[in-house]
């Protein structure tokens, strides 16, 4: 019996490793990825999420466009682990990217920044080889975004016009949940209005309430029976808010 076990031990170990890898990869989706051909290797400032220059440098430039994961702007700011599958060039962990744009190319789910594309590689030389390939096979899964020592920030866009039109984006959202609704509340009279996502990551209010404002966010639990959670900032947006300004919410999504 012992001799038989020793004879088949390599096969048994190989089977265990195969099953372990299959289990580990169960949460990954198989796809393809390309990259932005821009010269500065970071993301684009003209992404569909409307992040502007912030979107090019967010997450140290490890960003991506994705038509399938953009989801009419709901997917803006979501994080994904993306790893290429060529064993000669690719690292096992790949890279964590943030969705900042919508786009697809040559049957891909991701158009990565060059910075992110090369970070999937084992080495600098391997990264150069990946760029030469242009399009590579990948696996990906959604993961939690992490922004240590940062609160959620509200960026008032330059398209805003005080006091008649308020338009803003939500930056530095941790976790892996979607913001599915936003309320704009006047903090003195406690009157609130439900806002619409106008495009990309942009929320807007025509004739917003006067006075100090609280921007409250509803996070999806992902559960079929609800369990969605409101996050209420501890800081307010001042009564005399300004187009182009950023305001710290004082709160952050707590990672599990």
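Keep in mind that glycine also has a Cβ here, set from the backbone N, Cα and C atoms.
Annotated in Swiss-Prot:
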DOMAIN    46-150  domain 'Expansin-like EG45'
DOMAIN    164-249  domain 'Expansin-like CBD'
CARBOHYD  27  N-linked glycosylation site
CARBOHYD  189  N-linked glycosylation site
CARBOHYD  240  N-linked glycosylation site
SIGNAL    1-24  signal peptide
CB within-chain contacts under 8 A for residue 189 (N-linked glycosylation site), separation at least 6: 209, 211
Among 27, 240 [glycosylation sites], residue with fewest other Cβ within 10 Å: 240
Cα-to-Cα gap, residue 27 (N-linked glycosylation site) vs residue 240 (N-linked glycosylation site), nearest whole Å: 47
Confidence summary for the domain 'Expansin-like EG45' (46-150), mean pLDDT rounded: 97
